[in-house]
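The next block holds one structure in the form of structure tokens; read it before the comments.
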Amino acid sequence: MTTTIIGFPRLGEFRELKFETEKYFRNEIAADELQSFAKNLRKKHWQLVQEAGITEIPSNDFSFYDNTLDTAVLFNIIPKKVKDLAFDELEEYFALARGYQGAKGDVHALPMKKWFNTNYHYLVPQFEKTTTIQLNTTKIFDEFIEAKELGILTRPVILGPFTLLKLGQYHDGTSSQDFATQLLTVYQEVFTKLAALGAEWIQLDEPSLVLDLSQEDKALFINLYETLLANKAGLNVLLQTYFGDIRDIYGEVITLPFDGIGLDFIEGKESLALVTKTPFPAEKRLFAGVVNGKNIWKNNYITTLDLLAKLPKQTTLTTSCSLLHVPYSVENEVFPDTIKQHFAFAKEKLTELVDLDTCNQQALAENKQIFEQERIVPNKELQANIAHLNETDFVRLPAFSEREAQQTPLLNLPTLPTTTIGSFPQTKEVKLTRSKFKRGEITKETYDSFVAQKIDDCLAFQEEIGLDVLVHGEFERNDMVEFFGEALDGYVFSKNAWVQSYGTRGVKPPIIWGDISRSKPITVQWSTYAQSKTDKIVKGMLTGPVTILNWSFPREDITIQESTYQLALAIQEEVLDLEANGIRIIQIDEAALREKLPLRQTDWHTEYLDWAIPAFRLVHSKVQPETQIHTHMCYSEFEDIIQAIDDMDADVISFEASRSNLSLLDALNRNHFKTQVGPGVYDIHSPRIPSVEEIKDTINKVLAKIPTEKVWINPDCGLKTRGEKETYASLENLVQAAKQVRKELADD
Ligand code: GLN
Ligand code: ZN
């Protein structure tokens, strides 16, 4: 058999590419220096993959920012506004990726979206009437040649035409149909050129095939590929899918003249059934994604070999998706061996493919032994508690409207109450002081008095400008998930397990190692401290179980539902402690609720919402009717799951809506959304200071759709990434705007 991968992480072992690229952004190095750095990095990665024993190696999986952007740029799918400016190639590329403000003009970055069900983000290609599709760059060819000169004959990878068209946004009345023919011509040119350079295979990534496909989608795919495959220029074409199975189009796909088809046997629940029911054609090669491209755990060889025994003989072993979504190597971690032996990151996954391919007996034996051991001592009591949860544990009583009637007079807030989402600017000073404390350079007393002073100042500012519900500012927290992870039992933390999130940005999710429990209060100290300093109400501030789970590396020996319930019980204890200590409003953030929503709509409820929403309800079901529960979500894209959001049964929800709130407000209206809402009235992702008038305008738009007594006024997310100056000015304007609108309402 043969082995391959779909792609390799490109930021480098210690995120070298990030740091080098950011130097280039700051003009500290020239473009050619960055290019030659990248060239060396590609060489290192190809050789590493080769030395691990992988037989077929991809190229063009490298990217300075994003592969979808690379494909758009390759085909000249570049907005005219940008094209018209006198950029050189790399400058133009980064202008598209990050925006540009300078001597050559003013360019907004392309919109960025979540890449399927990952935490990676791609740049959305923009098709315009003036878009002329043609070959525009040579990256794919250059990188093929580069590898060839190293003696490595690679398989160039490119996003396929179907997914490219599906992900694009269309302007000036255009649609995907308008570009299909032109697009096929350039794909064909790429085939011809690669064949002339000596390539034998090309990989076309078509992850959009794992979504629910309509008849039109299927027709589009089939039309595109019937034409494209009619002239392959002598290349073998691999159709690569991932993040699920292709149940809607498998039958058609196997009759098209592809030479190889890549299927995901990890997330593709039906992949095995598909290839067994309608046998995979003998003249094609199956690329079987059997090593998980998203998790950090070792592959269970026995299970995988069982699966492989059911697959056709002409199978190439590969990963379930690009290794882009996992960290680089376990070698760079300092975990004790008892922990380390369970992990496999990108580099180790290469070895797994080779072990499985060669049936390496020693490796099989070692693997078997690891999976036979008891990895952790299970928390039997916790498991029993979860098993015994019953319906009442998920229901807060009395019902929403009765609680609302009790809370309103008790809290005694003005109409259109103003508040913030929780964090205040994390200045250099805040971060520096925290790291000094972590390194042991300052005592706990010194650190605590620093945090106390920050809280005092933050409260004083909020009182001074007249916000109604105050926050303590979250100065003691590094990150909304890591902070709770560190305080809970059951987590471990890596040193270097970074995963690319977008561009040069990485995230280092904490790892859920065992059963989760809370041994002591986490936030009570600072919340009660803040409350003791003011007569106004200070909101307690927690991260919800679904978000903590979604931004961690989950376990696989128990379901993510089970881990989420464990988290929910731990956060429930925290909620009850806050309440017992006099905190009257508690916000439980579910910023990442939408993150793990299944790709197929048919799975939304049964596979996710049916337990994720109850997990949130579990957290607050036991509080008193007078305690007001808030939640916050970062995506305004919840129109399609609006009922589920209402079913979280929070008293108030704030969300990101400052840019495109209108359609969501309509949806809230249509669905008789019961929860009180704080649609963000200004965008915190930009340093701009919104004027009083601007905010009033937004508030009035909200009031046109939502009953006044349901509306809260707040920014659209936490303020920790913002500077102090713009934050203060923006919040002052927010309070002024709310006051003026209140007055206008009273005068009416
Ligand atoms: N309470 C958090 C904060 O204000 C929420 C952050 C988020 O939504 N991502 O920082
Ligand atoms: Zn947010």
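Cβ coordinates are placed from backbone N, Cα and C, and glycine is handled just like the others.
TrEMBL lists His685 with the feature active site, proton donor. Around His685 (active site, proton donor), the same-chain residues six or more apart in sequence whose CB sits under 8 Å from its CB are Cys717, Thr721, listed in sequence order.
The 10 Å shell around the Cβ of Leu17 (5-methyltetrahydropteroyltri-L-glutamate binding site) contains 23 further Cβ atoms across the protein chains shown. Among the features that TrEMBL reports, 5-methyltetrahydropteroyltri-L-glutamate binding site is placed at Arg15, Glu16, Leu17, Lys18, Lys114, Trp551, Glu595.
Within 10 Å of the C-beta atom of Ile421 (L-homocysteine binding site) sit 27 other C-beta atoms, taking all shown protein chains into account. Look at TrEMBL and you will find Ile421, Gly422, Ser423, Glu474, Asp589 tagged as L-homocysteine binding site.
Under DSSP, Gly422 (L-homocysteine binding site) is assigned to coil, being neither helix nor strand in the three-state scheme. Positions annotated as L-methionine binding site by TrEMBL: Ile421, Gly422, Ser423, Glu474, Asp589.
What TrEMBL records for His632, Cys634, Glu656, Cys717 is Zn(2+) binding site.
Residues or ranges marked as domain 'Cobalamin-independent methionine synthase MetE N-terminal' in TrEMBL: 3-314.
Per TrEMBL, domain 'Cobalamin-independent methionine synthase MetE C-terminal/archaeal' is recorded for 416-739.
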Rounded Cα-Cα span from Glu656 (Zn(2+) binding site) to Trp551 (5-methyltetrahydropteroyltri-L-glutamate binding site), Å: 19
The domain 'Cobalamin-independent methionine synthase MetE C-terminal/archaeal' (416-739) [mean pLDDT, rounded to integer]: 95
Of Cys634, Cys717 (the binding-site residues), the residue whose Cβ has the fewest other Cβ atoms within 10 Å: Cys634
Same-chain residues at least 6 apart in sequence whose Cβ lies under 8 Å from Lys18 (5-methyltetrahydropteroyltri-L-glutamate binding site): Leu11, Gly12, Thr504, Arg505, Gly506
Neighbourhood of ligand 1 - binding-site residues from Leu17, Lys18, Asp589 with Cβ under 6 Å: Asp589
Separation of alpha carbons, Lys114 (5-methyltetrahydropteroyltri-L-glutamate binding site) and Ser423 (L-homocysteine binding site) (Å): 24
